[in-house]
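Some features that Swiss-Prot has for this protein:
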TOPO_DOM  1-104  topological domain 'Extracellular'
MOD_RES   49  phosphoserine
TRANSMEM  105-125  transmembrane segment
TOPO_DOM  126-151  topological domain 'Cytoplasmic'
TRANSMEM  152-172  transmembrane segment
TOPO_DOM  173-195  topological domain 'Extracellular'
TRANSMEM  196-216  transmembrane segment
TOPO_DOM  217-220  topological domain 'Cytoplasmic'
TRANSMEM  221-241  transmembrane segment
SITE      232  site 'Influences on amino acid transport capacity'
TOPO_DOM  242-332  topological domain 'Extracellular'
DISULFID  249-321  disulfide bond
CARBOHYD  260  N-linked glycosylation site
CARBOHYD  264  N-linked glycosylation site
CARBOHYD  276  N-linked glycosylation site
TRANSMEM  333-353  transmembrane segment
TOPO_DOM  354-369  topological domain 'Cytoplasmic'
TRANSMEM  370-390  transmembrane segment
TOPO_DOM  391-411  topological domain 'Extracellular'
TRANSMEM  412-432  transmembrane segment
TOPO_DOM  433-453  topological domain 'Cytoplasmic'
TRANSMEM  454-474  transmembrane segment
TRANSMEM  477-497  transmembrane segment
TOPO_DOM  498-514  topological domain 'Cytoplasmic'
TRANSMEM  515-535  transmembrane segment
TOPO_DOM  536-547  topological domain 'Extracellular'
């Protein structure tokens, strides 16, 4: 009997409960590979700290057979809400301002609300399917619905989503670690030395920190970093709101090659400095002194981007500092995938549901409502104030945009350090379920092997590093993963599983019709987004110098 399957068994209290030390003797029918994964993940860890380190392995409490949906869980309502919020929150928040800049405020808010509501409906379908299908494992639901192809489809979608998350975390290291080192060394600009090269740094961090942590058998203690990760994102949003009222508009025209302020001789300019509550730091920039158009001047965009800045600064235009409410361009295609990437939490919904104390579908739906609503508010604040800080000059990774304005800033340095520590410690947690799924799929019922344990981790990390080094910007990760695996996990798979496994509702019932419409909507979103992204790649090929 599968230890995590929902079966109709005797629901008398389970007196001979298996302890962690006797897992192997209690489950002799379980493959050695699976036992090794479970023993390594959950030894000496309580249910609160286990959280959701893997997709499907639910902790030592869940190693007993679940009698039915009302088998008592161990995790409180509040902790479950916190866990799901942390599962939703991720690096996607850093790309939302870029999405708003390429959709406009009104269109972005409509799309954000739409994706949030659809995510809630998707969770509803998933919870109902789990009950009717009799499983709390995403891949197992796929197998029950469509056999081996369904299992592989769910496996590929979850693996791609986790690889996308890993790559986005490594991108943040590549973007932000050089800035942190530059500030600590007191350099005005990135001089191009090897220790300021993001490609080298991400390799060093991967080999020196991430790989050793990924080789540990027990990663349970890293689950506590999820709380730190969520806290640092709250701090990040607070700093974004605060900095909105410090950054002027138009943006400063800075020559990053010479480290000096430059200006157009035809426009009256003057130098000012904004303090950042630090004695030795500040923000220098040039602004139009008169804030009016000099007579006889025909303002045109500056000739090309400033070298090394990654941002094209234009001469002051009338609407440069006016927010746009509706925007359509080639980059608008990235908006829905970025939003989908930001709201994916579905592989973690079932493990969290299984551990919810006195659980019911209604209670878990309430947990989902609270978590997604909370993240919706944070996403909206981060996107809005990040966009209003830079308008059309916002970058696809918001933190990196601030380095174009601030040379040294204590608050931003603290945010960068917090985010770097959080994402570095999160990568092994994301890697662990990928490795477990690969071992289970390729080496079923094989004994634990350190060679496989090390080799698969090294291959996954190496592939992610190659991806991060070769792909010029994080928006391509957000876009491609959001349009493919995120759309599969939010829209297509839950609806398809529901239509196939929930037998008691007729096909023409409102519930089934709604699920069918949801499925078709997901397919349209995926095909449309992928087509537009590919068109953007063709007509606006990636710039290898962008970083």
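Any Cβ shown, glycine's included, is placed from N, Cα and C.
Keep in mind that what you see is a predicted model, and the values were worked out from it rather than measured.
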Looking at 196-216, 333-353, 477-497, which one has the highest count of Cβ pairs under 8 angstroms to the transmembrane segment (370-390)? 333-353
Within the topological domain 'Cytoplasmic' (126-151), count helix residues (DSSP H, G, I), strand residues (E, B) and coil residues, in that order. 21 helix, 1 strand, 4 coil
Please work out the mean pLDDT for the residues of the topological domain 'Extracellular' (536-547). 68
Could you state the whole-number distance in Å separating the C-alpha atoms of residue 249 (disulfide bond) and residue 232 (site 'Influences on amino acid transport capacity')? 27
So which of 152-172, 196-216, 333-353, 412-432 is most in touch with the transmembrane segment (477-497), counting Cβ pairs under 8 Å? 333-353
Looking at the recorded positions 232, 249, which sits with the largest number of other Cβ atoms within 10 Å of its Cβ? 232
The topological domain 'Cytoplasmic' (433-453): DSSP-derived helix, strand, coil residue counts: 14 helix, 0 strand, 7 coil
Answer key: the stretch among 152-172, 333-353, 412-432, 454-474 with most Cβ pairs under 8 A to the transmembrane segment (196-216) is 454-474
